[in-house]
Amino acid sequence: MTDLHRLSIRELSQGLTNAEFSSRELTEHYLKRIGKIDAQVQSFITVAEEQAIAQANAADALLKSGGAGALTGIPVAHKDIFCTNGIKTTAGSKMLDNFISPYDATVVAKGKAAGLVTLGKVNMDEFAMGSTSESSYFGATRNPWALDRVPGGSSGGSAAAVAADLAPFATGTDTGGSIRQPASFCGLTGLKPTYGRVSRFGMIAYASSLDQGGPMARSAEDCAYLMNVMAGHDAKDSTSVQKEADDYVANLNGTAVKGLRIGIPKQYFNVQGLDADVKARVEESLKKLEDMGATLVEIDLNMTDAYVPTYYLIAPAEASSNLQRYDGVRYGYRAENPTDILDLYKRSRSEGFGAEVQRRILIGTYALSAGYYDAYYVKAQKVRRLIQQDFLKAFENVDVIAAPSAPTTAYKIGANLSPTEMYLGDIYTLAVNLAGLPAINAPVGFDADNLPVGLQLIGNYWSESQLLSVVHQYQQATDWHTKRAAIAEENA
Ligand code: GLN
């Protein structure tokens, strides 16, 4: 079989159940592709070949004995921010270059319990801080659609691996857009769930009040399968909500669009720097949804100008606190020959962290310091509440809110944007995390350079099933999500 990487998750599940192929064959197929193609894409930090084969063999035994579940034997790639017992977890940082976690993140453990086969760990911006995956200590990942372009970030490795057909689906995390923006840049579907829907236990912390894991895949249906594994309450994460997760696959329906009221924020389509092709593709997709029975309603989101400054205070503040634990003493990188304990702290942290991480620690520490705390941090928290209220007010009249996922398509590797230019590119994604809402990216066409464009749909709290269903129905009526990058067409 040479085309196993073409199959959807549902088809893979059926093929495994009907013994058309084994998990071992499927896993080896993907490992072979990674071996041949990933030298060009550089999406994996660690390929877990031995463990993957062992897990595939175990899955095959279960499939034979009749004890298998829907996903038993299907391979997955994990963002290298999820702790994996026995396989390196680096968070894209020199600080954790040799770190092997003694336990699995809940998301990883749930994947194992569902019979998923871990292919390996994929690249990301260092500690998930970035929008290009270039800040990784392990080097830049390439966009499968154009190898001289970034795949987006921070979950750029997850997006590139799936877009190059090196994994059928992947986990990602989203603190301010890191699932939706790389999904947009790589032509994938990616879901950022409501804060508290997916356990953060064992997910290396960036900004704890914003971080949320979610699925990245080729379609809403494939995302729904992975959501069924990832979602749910976890006693090990105090912010995980005690609310039963949906059956996201069973809830997929073909009638979600009819009567759907889609809010179109006035402010979003006049943003400076919004690319004309992106705007056009997003508007075409909204027209399509309208043809399918949705109503477009113009709405106001008055706090739009506050998104970037608010996020870029709160996220670095939380990061500066979370990253204190990397001190060269307990685990992670340790500077050599320290003269005393202060020298050990200082050099371990300046040698172990890259420039962007250091910048955020400095900004965050400043914002939290005595004398500035009220002026910056507390003020930002108040504005955060106003942003949330802005959305809640909008949801009184609409069911979902539409936006681009990013103002541009993927830009060139090494474009060397200034930090503020890069931060401004997050304008459409940050507010969702500040408010704790769920949102999804769906591919809706291409720009003049044949680079994917993404539509973002933002839902009210706990509306993951609805978001997945809307995109699922759109994908049944269109074929953007079936388009493949040329490199994905290569056979191993
Ligand atoms: N680009 C944003 C940042 O750098 C979002 C990153 C993320 O969601 N992890 O903070």
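Yeah, the Cβs are placed from backbone N, Cα and C, and that goes for glycine too.
Annotated features in TrEMBL:
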- 25-468: domain 'Amidase' (DOMAIN)
- K79: active site, charge relay system (ACT_SITE)
- S154: active site, charge relay system (ACT_SITE)
- S178: active site, acyl-ester intermediate (ACT_SITE)
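Distribution of TrEMBL features across the structure.
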residue : record                               : Cβ neighbours (10 Å)
K79     : active site, charge relay system     : 33
S154    : active site, charge relay system     : 34
S178    : active site, acyl-ester intermediate : 37
Rounded distance in angstrom between the Cα atoms of K79 (active site, charge relay system) and S154 (active site, charge relay system):
10
Rounded to a whole angstrom, what is the C-alpha distance between S178 (active site, acyl-ester intermediate) and S154 (active site, charge relay system)?
5
For S154 (active site, charge relay system), the three-state class that DSSP assigns:
coil
May I ask you to report the DSSP-based helix, strand or coil state of the residue listed as 'active site, acyl-ester intermediate'?
coil
If H, G and I count as helix, E and B as strand, and all else as coil, what does DSSP give for K79 (active site, charge relay system)?
strand
